[in-house]
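Annotated in TrEMBL:
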DOMAIN    14-158  domain 'Flavodoxin-like'
BINDING   20-25, 67-70, 105-114, 140  FMN binding site
DOMAIN    201-437  domain 'FAD-binding FR-type'
BINDING   376, 377, 378, 379, 410, 411, 412, 413, 590  FAD binding site
BINDING   451, 506, 507, 515, 516, 517, 518, 519  NADP(+) binding site
């Protein structure tokens with residue numbers, strides 16, 4: 001049955017609400033919509049911030065796809081609705097007519113794995129809703145990433161939908177087509193391709209002022225201090241994010257166009273005709289574009305592909321040997337081989353295309369085969385009060401080698417590293433998770449090793465600009481001479497503005513001596529930290545990698561409460577948990 005028959009059945013409507021930070025939840029929502037089409041549903045895929053609580057009350061069946069940000073926090077798009085759902089004034093039978101299912105996305109390296117999805121399920125049930133399908137939980141640490149959970153969960157969901165909404169006896173479920181319809185049809189355009197930088201709503205034109213390496217020459221990590229001039233005043237706050245839209249390497253774009261056999265047509269202007277309204281397109285896609293524009297600005301050929309990529313590759317392959325290999329990858333028996341070939345060694349789409357040269361992908365499928373090139377988030381490392389019309393970034397340029405010893409570079413940080421003074425770019429400002437104490441007299445304790453110091457610099461600059469004298473920074477790095485970011489600033493603030501600056505140089509100590517980290521310094525300052533927490537109700541901020549550091553800092557605080565305050569082990573943990581609930585302990589960490 002064609003999709004035209006599907007859209008003749010408006011009574012079989014399915015609402016899919018997604019809450020995303022990086023776009024993965026939106027990809028999953030699109031996939032659920034594709035699967036639901038086989039059951040003759042017309043899906044509406046909507047970001048949760050575009051749907052009101054009043055409208056949600058009117059629904060009878062909703063699927064939520066919810067990602068996790070920070071250390072177990074809901075995506076920013078979900079916060080307004082979540083706050084309304086938490087209202088104590090809502091009646092317990094508000095959603096008595098609502099059936100729902102939830103798929104959460106998270107990372108088990110965090111303590112609060114898929115926490116927003118779990119809390120949403122619990123809250124909806126407490127308001128009378130019925131969870132009809134066991135919650136799915138996708139884990140980035142799974143050998144197959146999110147795919148490891150979404151495929152079995154989709155099978156459960158399809159069975160659930162079939163039971164809840166059976167088709168009439170004379171209509172059968174549509175078999176999953178071997179080759180699904182493409183979401184668009186590409187058409188030649190009389191117009192010329194775009195010439196200006198693509199931008200999305202809310203983005204600002206900006207110019208690079210300086211792009212300075214802070215780590216020592218020859219050091220194994222290249223960390224930049226990047227100053228960006230905005231086109232107008234923007235009153236951003238500490239903890240806010242700069243969203244950067246990267247541009248792919250022109251040579252890599254040429255390589256992928258060559259692999260696809262599209263070099264000759266790469267600069268022909270095109271436009272699109274939507275075929276499947278329940279499937280997303282890049283938000284900043286212009287009306288007229290070229291294939292070169294798509295791969296430069298909108299499609300991510302350096303991503304590690306999902307399993308569906310191999311299905312398309314197989315469907316459009318003309319070589320018997322290559323098809324056999326792809327069939328093996330896609331079989332249940334070949335799952336381990338696919339993991340070894342792709343996910344374990346982090347092979348990219350571009351690399352795979354160069355090996356499966358006989359896959360001839362139709363142009364209409366370009367948005368189905370290639371994931372969207374998502375903008376990247378960077379914590380702003382400056383205060384708008386201290387730097388008018390400027391945004392500063394503290395960015396580590398991503399470079400590493402895979403298990404195959406293949407050099408790998410981050411798309412966005414490589415783009416940023418090549419921007420010199422005067423270069424133009426597009427920047428969006430997004431509200432962050434941090435907030436400052438209402439009073440400048442309330443002490444703050446900032447813990448930000450490595451590039452985690454970025455939002456701490458913003459907090460400290462903001463507070464100093466407001467006249468605060470109660471600021472402490474714990475910074476961690478490997479070496480005082482190699483990677484102590486903003487060292488001169490911190491020492492100057494210590495001498496002139498009352499900043500308490502403590503730094504752990506983990507690799508500068510004698511050989512064989514236990515390394516010192518930020519949590520060790522916090523424990524060394526036990527009495528001072530106790531007085532700040534108990535007597536002055538200090539706020540604590542933790543930012544950086546989500547490895548052992550955040551948990552180590554929380555454990556250090558708990559030990560101080562035991563030692564200096566006489567708390568039991570259990571009560572000290574409850575005290576720290578209470579700080580989190582009160583908003584006095586805030587984490588912004590990443591994996």
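Quick reminder: no glycine exception, Cβ is built from N, Cα and C everywhere.
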Counts of helix, strand and coil residues, the domain 'Flavodoxin-like' (14-158), according to DSSP: 56 helix, 34 strand, 55 coil
Integer Cα-Cα distance in angstrom, residue 518 (NADP(+) binding site) to residue 376 (FAD binding site): 27
Residue 107 (FMN binding site) versus binding-site residues 410, 515, 519 - nearest by Cα: 410
Between residue 70 (FMN binding site) and residue 507 (NADP(+) binding site): CA-CA distance (Å): 28
Cα proximity to residue 410 (FAD binding site), best match among binding-site residues 70, 516, 517: 70
Most crowded position, judged by CB atoms within 10 A, among 23, 70, 410 as binding-site residues: 70
For residue 70 (FMN binding site), the one of 378, 412, 506, 519, 590 that lies nearest, given that the binding-site residues are compared by Cα: 590
Residue 110 (FMN binding site) versus residue 506 (NADP(+) binding site) - Cα distance in angstrom: 23
